[in-house]
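Below is one structure, written out as structure tokens; comments come after it.
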């Protein structure tokens, strides 16, 4: 009798086990492999393409471990690049312009600070010049994810006050963004995540500051997003030196620009900032305060 029950159990369970195994295999196939499995480990990635965007801006493409790998970077987070340059370890944070929708590669758009071009920084940028000198096939170490903010979708942001604290959830209907120069990359990451989801009705207002019109990083990508999602993405520029027939603002970020081109405080938006520290400290925060945006709803990358 026991043998008969055992046989019967085998007959009954075999199809169930087969179905379970099939589902697990399908699930495993549908879950891509993650490159950044451990934020404390450095992963060497190989340069496979370098595109000249402008006289001082490059798009660097690095291969992930396999064509099926994703980077594994939550929206709002960044990575660190590390390299030994002139005998010293140099580490710099960057936000990719690619996303986890892209398999097999990660893209970084980086402004190269060449030596002897800025009187205050005659040596130029150590990491950006190192990247510029890299040849196809060379590797550099990536580490991450890092950062205090994660965008979880549909207006929900998880923000940690510091690395040791639990995240505080802020849910908003609109997001104000102030970016300066290369500080556009984390903004673009969040904007793309919002715009690609038709069920995410969060409205983004971006005020983007640069020295000149030619310095506007990722302008084609930004304007394409604005044209495709005009109801949800508002874009405004300001430059220090404006050309003739310039349709946007001129000068440093000020109270009037914030009042006119960011969502009003009454909407209780989250305001994100990324740019040179003096811009954040002397232009963004004081003027946001004057307009009425409370500090607890302002976040600097």
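Cβ from N, Cα, C; glycine included.
Feature annotations, courtesy of Swiss-Prot:
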BINDING   92, 93, 94, 109, 111, 114, 126, 127, 128, 185  FAD binding site
DOMAIN    40-152  domain 'FAD-binding FR-type'
LIPID     2  N-myristoyl glycine
MOD_RES   42  N6-acetyllysine
MOD_RES   43  phosphotyrosine
MOD_RES   50  N6-acetyllysine
MOD_RES   120  N6-acetyllysine
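Annotated features, which come from Swiss-Prot, shown on the structure.
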| residue | record | contacts (Cβ under 8 Å, 6+ apart) |
| --- | --- | --- |
| 42 | N6-acetyllysine | 82, 141, 142, 143 |
| 43 | phosphotyrosine | 35, 36, 65, 141, 142, 143 |
| 50 | N6-acetyllysine | 58, 59, 60, 61, 134, 136 |
| 92 | FAD binding site | 80, 81, 127 |
| 94 | FAD binding site | 78, 79, 80, 81, 108, 110, 185 |
| 111 | FAD binding site | 56, 57, 128, 181, 182, 217 |
| 120 | N6-acetyllysine | none |
| 126 | FAD binding site | 85, 86, 90 |
Across the domain 'FAD-binding FR-type' (40-152), the model's average pLDDT, rounded to a whole number, is 96
Cβ-Cβ neighbours of residue 128 (FAD binding site) (radius 10 Å): 20
Per-state residue totals over the domain 'FAD-binding FR-type' (40-152) - DSSP helix, strand, coil: 8 helix, 54 strand, 51 coil
